[in-house]
Amino acid sequence: MAKFVFVTGGVVSSIGKGIVAASLGRLLKSRGYSVSILKLDPYLNVDPGTMSPFQHGEVFVTEDGAETDLDLGHYERFTDTAMSRLNSVTTGSIYQSVINKERRGSYNGGTVQVIPHITGEIRDRIHRVASNSNADVVITEIGGTVGDIESLPFLEAIREFRGDVGRQDLAYIHVTLLPFIGTSGELKTKPTQHSVKELRSIGIQPDLLVCRSDRDINDELKRKIGGFCGVPQRAVIPSLDADSIYAVPLTLEDEGLCREVLDVLDLEDHDSDMVDWAQLVHKLRNPGPAVKVALVGKYVQLNDAYLSVVEALRHACLAQDASLDLHWVCAEEIENQGADVLLKGMDAVVVPGGFGNRGVDGKVAAIRWAREQRVPFLGLCLGMQCAVIEWARNLAGLTDATSAELEPGTTHPVIHLLPEQQDVVDLGGTMRLGVYPCRVSAGSLASRLYGEEVVYERHRHRFEFNNAYRNLFLESGYEISGSSPDGRLVELIELPEHPFFTACQYHPEFLSRPGRPHPLFRGLIEAAQQRLPCSPSEAMRQQNNSAAGSSHPSLQP
C-alpha cells in the first residue's frame with residue numbers, strides 16, 4: 001500500500017514547493033523507494049495548454065500527451081521517472097469532471113457541493129495516481145499559497161485524506177519563508193507562525209517545516225519555530241538559497257528531510273546512494289570553458305517559458321565538461337537590429353518552439369545567419385518549421401513561402417496543417433501530443449547522435465512539413481534524417497555540408513536528464529566546442545585523436 005506526502009506552501013508564492021517535492025522524490029528513490037509526484041493547480045483552466053507562456057511559463061508534455069505544469073518537468077528530471085496526465089490536476093479539470101458526472105446523473109439527483117463532491121474528486125485523483133503507478137510513496141504538491149481562496153478545496157481534500165488512510169501513512173510538509181530584516185539583523189519567524197496557524201485552522205498540522213532562507217538558521221531559531229508551530233526541532237528543515245536547483249537534494253539530505261519523512265511514514269531509512277548526484281553537482285560548480293549559446297525566442301522576457309530547453313542545454317554542457325553562457329535573444333529585436341548585431345560571437349544558436357506570427361521573421365533571420373556563418377544550429381518544433389521557411393525563401397527562390405499557420409492564403413505553404421487537424425475546432429488538448437516514433441535515416445548526423453534506428457519523442461504541434469516541397473528540399477542539399485514510420489511526416493531535417501545544422505518537429509528537451517543529456521543537445525554543445533580556442537595541450541590531444549581517426553566520432557561526416 002502506498003504512503004502519501006503532501007507539500008504545501010506559505011508566506012509567499014513561488015517559494016519552491018516543486019523543487020522540494022522533486023528533491024524528496026530523488027532522496028526516496030536513492031533509498032530504493034519508487035515514487036510518483038502529482039501537482040494540484042488551483043486555477044480554473046482545464047490544463048495550461050492554452051495559457052500564455054508569459055503567465056504560466058512553459059507547458060510540459062508527458063508521454064501520454066498531457067499538457068501540464070512545468071513542475072512536472074522538475075519531477076521527471078529529478079526522479080528520472082515518467083509522469084502521466086494523472087499527475088497533473090487543476091481546479092478546472094476537477095469541476096469539469098464533477099459537472100459531467102452531474103449531467104450524466106451519477107449523483108442520483110443529489111445536491112452537488114464542494115464538500116463532499118469536489119473534495120472527493122480530488123482525493124480520487126490522488127488515489128488513482130497511487131493505483132496506476134504502484135509507487136511506494138506518492139508526493140502531492142498543492143499549488144498556490146495557504147490562505148488563497150482558490151486553494152481551499154485542495155487543502156480540505158488533503159485534510160479529509162487522513163480518513164482514507166492511516167495517520168502513519170501520510171505526512172504533511174509545509175514550505176515557508178524566513179525573511180531577513182536588515183535593520184534588525186534578524187530572521188523573522190512571525191510570517192511562518194501565521195502561515196502554520198492558517199494551515200491549522202483548516203485542520204492540518206504539519207509534520208515538517210521546510211524553511212527557506214538566504215542565511216543559516218541556528219538551533220535556537222529552529223527550537224523557537226518548532227515550539228510555536230508544534231513540530232519537533234529536528235523536523236524544522238533549513239533550505240538555504242542554492243547556486244543550482246540540483247544542489248537542493250543534497251542540502252535537504254544533509255538537513256535530514258528524508259529521514260524525518262520516513263520516520264513519520266513508519267518506513268525504513270535505507271542507505272542512500274547519492275554519489276552520482278553529488279558528482280553531477282560538483283561538475284556544475286567546476287565547469288569547463290564556456291560556450292556561448294543564443295536562445296532566440298519570442299517569450300524571452302520570462303525565462304521559465306523555455307525552462308526545459310535551458311535545462312537540456314545545461315545537461316549537455318555537464319556531459320561535455322563545458323559551462324553554459326546563455327544569451328537570451330528576442331526574435332523581434334533581430335527584426336529591428338539584425339542577426340549580425342545580436343548573434344555576433346555566438347558558438348551555437350537554438351530556436352525553440354512557439355506559436356503565432358510575432359517574431360517569426362527574426363527567427364528565420366537567425367537561422368539564415370547560423371547557416372551562412374556555419375554556426376551550430378538546433379531548431380525545435382516551430383524552430384524546424386522556421387528552418388524550412390528559411391530554406392524556401394533564401395535557397396529555393398520561394399520568397400513568399402511561409403507556414404499556413406501564419407498566413408493561411410500563402411501561395412507557398414511549405415508548412416501546412418496536419419490532415420487529422422482539418423476539422424478540429426477546440427484549441428485545448430487537440431494537437432498532436434505525446435510520444436510518437438521517429439525512424440532515423442542511416443548514415444545521417446541524427447543516426448550517429450542517437451545510435452538508434454527508431455527513437456520515441458514527445459510532440460506538441462498542429463502543422464507539419466508540406467511534402468509537396470519534399471523533392472525540391474532534397475535537391476537543395478538538405479536531408480530528411482527522420483520521419484514517421486510510414487514516411488509521411490517529416491520529423492528531422494539536417495544540412496550535411498554544415499558543421500551542425502539540424503532541426504526536429506518534436507521536443508527533445510522533455511527527455512533530457514541531468515545524468516543523461518539528450519543526444520541532439522549534446523551534439524550541439526560538442527559542435528559548439530569546436531569553435532572554442534583551446535590550450536596547447538588540448539590542441540595536441542585533438543591532433544592526436546584526429547590522426548587516430550577518433551576525434552568526435554558522433555559528428556564525423
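From the backbone N, Cα and C atoms, a Cβ is placed for every residue, glycine too.
If you look up Swiss-Prot, you'll see S13, K188, T189, K190, P191, T192, Q193, K224 marked as UTP binding site. What Swiss-Prot records for S14, I15, G16, K17, G18, I19, D71 is ATP binding site. Per Swiss-Prot, the feature domain 'Glutamine amidotransferase type-1' maps to 292-534. Look at Swiss-Prot and you will find G354, L382, G383, M384, Q385, E405, R462 tagged as L-glutamine binding site, backed by sequence analysis. What Swiss-Prot records for C381 is active site, nucleophile. Marked as active site by Swiss-Prot: H507, E509.
Other than S14, I15, G16, K17, G18, I19, D71, the residues of this chain whose Cβ falls within 8 Å of the Cβ centroid of the ATP site are, in sequence order, G9, V20, A21, E141, V175. The two recorded residues, P191 (UTP binding site) and G16 (ATP binding site), show a Cα separation of 16 Å. Within the set of binding-site residues (D71, E405), the lowest number of other Cβ atoms found within 10 Å of a Cβ is recorded at E405. Minimal Cβ crowding within 10 Å, among the recorded positions K190, K224, R462, H507, is found at K190. Neighbours of the L-glutamine site: apart from G354, L382, G383, M384, Q385, E405, R462, residues of the same chain with C-beta atoms within 8 angstroms of the site's C-beta centroid are G353, F355, C381, C386, S403, I415, H461, F463. Within the set of binding-site residues K190, T192, K224, G354, M384, the entry lying nearest in space to G18 (ATP binding site) is T192 (CA atoms). Closest to T189 (UTP binding site) in space, going by CA atoms and restricting to the binding-site residues S14, I15, I19, Q385, is I15. Each of the binding-site residues S13, T189, T192 was ranked by the number of other C-beta atoms within 10 Å, and first place falls to T192. In the three-state DSSP scheme, M384 (L-glutamine binding site) falls into the helix class. Taking CA atoms as the reference points, M384 (L-glutamine binding site) and H507 (active site) are 11 Å apart. DSSP classifies E509 (active site) as helix under the three-state reduction.
Each of the binding-site residues G16, G18, P191, G354 was scored by the number of other CB atoms within 10 Å of its CB, and the largest score is that of G18. Between the CA atoms of L382 (L-glutamine binding site) and H507 (active site) there is a gap of 10 Å, rounded to the nearest whole number.
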